[in-house]
Amino acid sequence: MTAAVFFGCTFIAFGPAIALFLFTIAREPLRVIFLIAGAFFWLVSLLLASLVWFISVQISNKDSAAQQKGLLIFGVVLSVLLQETFRFAYYKLLKKANEGLLTLSQEETMPISIRQLAYVSGLGFGFMSGAFSVVNILADSVGPGTIGIHGDSQHYFLSSAFMTMAIILLHMFWGVIFFDGCERQRWWAVAAVVVSHLVVSYLPEPAVRGQPGAHLRHPAGDGRLGLPHRRRLPEEPQALPHLQGHRLPACQPPAQITPRGTRSPARARTHTHTHTHTHTRSFPIHLLFKVNVFNLKAAGNSWK
Amino acid sequence: MNASDSEEDSYDERTALVPSENPVLPSYRPEPDLNPPLDPPTKRFGVSGRAGTAPVDGGGGGSDQEADVDEEELTLKYGAKHVIMLFIPVTLCMLVVVVTIKSVSFYTEKTNQTLIYTPFTENTASVGRRLLNSVLNTIIMISVIVVMTIFLVVLYKYRCYKFIHGWLILSSLMLLFWLSFMYLSEVFKTYNLAVDYPTVGVIIWNFGTVGMICIHWKGPLQLQQAYLILISALMALVFIKFLPEWSAWLILGAISVYDLVAVLSPKGPLRMLVETAQERNEPIFPALIYSSAMMWTVGMASPPEAQRSGQETDEEAEQSSRRAEPENRQSQLFPEDDLEEDRGVKLGLGDFIFYSVLVGKAAATGGDWNTTLACFVAILIGLCLTLLLLAIFKKALPALPISITFGLVFYFSTGFLVQPFMDNLAAHQFYI
């Protein structure tokens, strides 16, 4: 099941981009090089934006959630602006390298036109942006865990995959429009790219603000989505919310897993019914809980 | 397991010369009147890289005259193709290492065993002590490498070819048989497959024997390339397992610096080796350089000297023990298709190994894919820049410094700066 989700989301996120790469770019070495250079430029822009954000977080009030949120939005805006700046810088670099390429190829015309460069550089930006956004989520989707078990949205993986695909294709389009705008001095096109990038980056925010679903409570993931975070062990059961006994259906206890020895279902049922709220964490619910946590813990142990 | 002798040999062979030699050799032909480009010394396998330069000059000069301009053009035209021809094996090697690290937990288990080259443990209480131990480990490792390189230069100078031959064969024997057996057994353990010893024996025997033949004698190009990638990956995995954390990063940095010094400074051991090989006009030993020539004629006997062109790399490796490329070149005087056949770039296996160590360590620590991706892109861009410089300067250049510097910068910055940022963004589903 998890393998299906993993492959499905991977192909959703990267399918069109990989198809574009295979059919139009893979055969031409020069285009591949410029694609990777585009990816590198995006990476550098992200690095700078993260640096600024990190410094701003360090000097801010870490306890105030609103301030952190504000800083994050500032970070997003800054990152978008830096990405577009680096796109412009890449454009300038490519223009400057025109003569060099002409000399290298000893031909009258350039081996690669500025439009092709716009396309591959946009796709390079897109690949890197998409990969950075989604690859950790994909890695989490392989592992044991249940998405949405704590009440969050079950469609986190799918929506992330679709969003990534959209972002990759958008970066490619933005690259083409941006370079064309720079070539023909159409600055409104460049401005449109920047504005639309800002809009797209900020877009999910209002949509998810009201929903408890897609919004992780703790940014780094503490198992709240039902996933063992790649870098942390899930919290001990005591820290997780107290489950209401009546919310879960009475189910047959998995007799083979009980740590306290097997109990008959009948006895367990009476156990649940006759005890108060505080005892709802008994068998079988407690065991379900334990089993789940055990799985998470085991996964967490094998995780780094 | 402390390093055994064979591992020492292998280590020495592979790593001692690796940093110093920079086997990035483009197949550019120099102008006849230009100084012959130094063959990029094969990093590790010192002798291999160097010997090829000498013949290059002599033969190259004569034949080059008529095809100077054509050669330049064609050389430059294929520059991008060479870059891709190196991107693919480097990517494959890194991919093998990363996939192994992520799936086989053996290579990331904490172990108290270390190589004897890094005797100081990092399990100390204080940060200062740990840093001190790492620095000491690095100093020891780099000294061993320097000593081994100088030893090889001395051996080569005094023509102890048999010794070098034996050393290389012993190293590749150890890699191909013992390390691959270890790898296979760990893979079986990970996937809980029960395989009997006779089967494993047959598999390892076949794998190793074909590998020895392909690498040291003759074989199909792609099979040889595959074997070189595999043994580089195996060696990188050994380093990832047995080098302590901080020491590994310091060693990577120090080796890039040493590489730079050894190849570019006038008294550097690698440079001396190259010059000696040039003086003697000698072929190279079947060293472990990855060669990616476009066309490969298999099984052609090669005359002992390769006088040839500026294609350092191709010629060097080819020599007596290897493939037919030099022959090809020598026979004709550069008709167009021959020029195309000659194109090929070489990169020393040491570069492969240290690139893979960097990416593998990024994958092993933190379990975070963003860092791994960032290091991967950084290394590829570094390689691209190095090849660009190679095209400009047309002489042997160290392949480690730029890539490793980018890789280290991106590893630490992605790990500490970008990752929290991306985590926060993912939590709020911002897509930038």
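Yeah, the Cβs are placed from backbone N, Cα and C, and that goes for glycine too.
Note that the coordinates shown come from a computational prediction; the quantities given were computed from them, not determined experimentally.
Looking at B:163-185, B:232-254, the stretch flagged in TrEMBL as transmembrane segment turns out to be B:163-185. Given the ranges B:197-217, B:260-280, B:344-364, the record in TrEMBL names B:197-217 as transmembrane segment. In summary, the transmembrane segment (B:371-393) does not lie against the transmembrane segment (B:135-156): fewer than three C-beta pairs, each 6 or more positions apart in sequence, are under 8 Å. Comparison of B:135-156, B:197-217, B:400-422 by number of C-beta pairs under 8 angstroms to the transmembrane segment (B:163-185) places B:197-217 first.
Sequence-remote contacts of a segment are chain residues at least 6 beyond its ends whose Cβ falls under 8 Å from one of its Cβ atoms, and for the transmembrane segment (B:83-101) they are 24, 107-108, 183, 225, 228-230, 232-233, 236-237, 240, 290, 292, 294, 344-345, 347, 351-352, 355-357, 359-360, 363-364, 372, 376, 379-380, 383-384, 387.
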